[in-house]
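Single-structure report; data block below.
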Amino acid sequence: MTKQRATTSISLLIVALLATWGGWSRRWISDDGLIVLRTVRNLLAGNGPVFNAGERVETNTSTLWQYLIAAVGAVSNARLESIAIYGGLALAVIGCVWATWGGVRLWAGAGREGLRHRGAAADNAPAVRSRALVENGTLVAPFGILIYLALPTARDFMTSGLEWGLAVFWLGGLWWALVTWSQGRAVYFLAFWAGLSWLIRPELALHGGIIGLVMLWCAHSWRERAGILAAAIPVPLAYEIFRMGYYGLLVPHTAVAKSAAGSEWRSGISYVADFVRPYYLWIPVILVIAVLLLSVLREKRTWLVSVLMLLCGGLHLLYVIRVGGDFMHGRMLLLPIFVLLLPVAVVPLNKLTGAVVLAGLLWAGITAARDYQPHVPDKAVDLRIVDERFFWSGATHTRAADNPSANSPGPMHAEDFLNFVGLNDFPETLAQARENNDAQIAQILVREDPLEFSWITFPRDGGQQMPSLTFINLGMVGMNAPLDVRVLDSVGLSNPLAARQPRIEGARIGHDKLLPLEWQAADTDAAIDQLPPWINQEATAQARKALHSPEFEEFFKSYREPMSVKRFLANLKFALGPGRTLEFSKDPWAYPGGDAQIVWPTKPNLDQ
């Protein structure tokens, strides 16, 4: 085996081993990951891709992720948590290796003199194979991909139950396909792959869209342009039509709840600073810029595709800052960082780049070995940005107080979250509510020192709604509740009524809407005269009247009325019209009341 082939093979093997170990050692399931699994449970039970049976709400941001888990769950007896954890890890590892291989192809040296000439040169250029690396004698080493894997948060979200592993897989494949396309191959595969962006995460459409436009501009003929469009558009377009007709929205419901169209630049900058400081990220930034200037941007065959990815990553980063970041430490920065590192995923070795690579490896080794322990505030009011894995590992007692190592598994199953102080006696109270056919259950604070919570039930006053509960941590209660219980939240992820509340300025990003208690109780069958004293009975009665007003009628029909061709067509119109901007007042006296039907009978299918 030649030295060039050896360094390539070793690079791929190192990345695969480090990615596998990094994700495995920090494997866990997040509360948000459990939200995905509640939808999968309903899907497998026959209730549809919904969080609550009888309510068509797209609670998950990633369309493909929930269907991938459901597909595996349908043909196996594995726990959904295990499918999400290990499936995400496998996809993340493959994505990192794929990205590394894309970097190897970038330096293979059998490409073009730039993207604009890709089509014209394709007929005369030899096929790009790994042997080209041997022919030009270039030695390469992993660099950017190791910087990414050194970040604790990157390793956290290789699992978590969320779609980050799938996103890394898609981005790694996108980079490989882009490099391959620039060398005259994989035209329609790249088009198809770019078209999937919207179904991985909505903001990834920025990457797919930019690359799609570049492909159209560089196409050699109108026939090739037509082929690109035919490969890229049908799948996302078909799902978008389904989303509009089934859910009555243009975007996932999470985008409505989190007001993704708003601007929170100051919060976004604070979010970036929260991620940069503990890992001294300015060091790898300098090193990456050095590598770009010393190698990538100096070569005609590499700089155009590299600039394209840097553009995508930079715009993605600006988007994250613009919307205010996130409440999870570093999570929303991982994907743009991964993209920005793709052009230097591997680098050609010479004296100058070799020194930079060594410096990068030193930083990566120190960062990975430091076992960074984040500060977790004592009061919930301070929990604006939290290291989610560290927090829930402690809150569920899967991280022992005398062994706080971050490199150990966190909570792995839904029942692990029953150790959380906020779910004290939750299973027992829920069982009681179902047995008594109560209308609602709610959490109460028993005392602050020591902190203790409990749950109570509200009796029913007729009606046909399922027992309801409202809790901000949807995943843990949703996965520990049967499918005949309506699980809602006050910030709008699974509750469209809450999602249509006005945004609270200065509130925690992603949790900056709040449905008042009176509206929560009004949208259940709870007996108003038996509500606890902290819920205003007069306001609740007025809110219940308001919900039957004409202003609410089409809104409730869009996601509660049984699906039919007529409803599907009406939802298309609603999605393009009021569904884009609809917002309700918190004041129940702002609506006249009425007799509109807002609830339809539901008989959910239960899983085991």
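Using N, Cα and C of the backbone, Cβ positions are placed for all residues, glycine too.
What you are looking at is a predicted structure, and each value in this text was computed from that prediction instead of being measured.
According to TrEMBL:
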type	residues	note
TRANSMEM	83-108	transmembrane segment
TRANSMEM	164-184	transmembrane segment
TRANSMEM	204-222	transmembrane segment
TRANSMEM	279-297	transmembrane segment
TRANSMEM	303-321	transmembrane segment
TRANSMEM	333-366	transmembrane segment
DOMAIN	423-591	domain 'Terminal beta-(1->2)-arabinofuranosyltransferase C-terminal'
Based on Cβ pairs under 8 Å, which of the stretches 83-108, 303-321, 333-366 lies most in contact with the transmembrane segment (204-222)?
303-321
Are there three or more C-beta pairs under 8 angstroms joining the transmembrane segment (83-108) and the transmembrane segment (164-184), sequence spacing 6 or more?
yes
Same-chain residues near the transmembrane segment (83-108), Cβ under 8 Å, at least 6 residues beyond its ends:
8, 11-12, 15-16, 19-20, 23-24, 27-29, 33, 36-37, 68-69, 72-73, 76, 128-130, 132-133, 136, 138, 140, 142, 144-145, 148-149, 158-166, 168-173, 175-180, 183, 302, 305-306, 338, 342-348, 412
Would you kindly list the residues that approach the transmembrane segment (333-366) from elsewhere in its chain, counting only those six or more residues past its ends and only Cβ-Cβ distances under 8 Å?
7, 11, 99-100, 102-104, 106-107, 138-151, 153-154, 157, 164, 167-168, 171, 175, 201, 204, 207, 271-272, 275, 280, 283-284, 287-288, 290-292, 294-296, 302, 305-306, 309-310, 312-314, 316-317, 320, 325
On the 0 to 100 pLDDT scale, where does the domain 'Terminal beta-(1->2)-arabinofuranosyltransferase C-terminal' (423-591) sit on average?
93
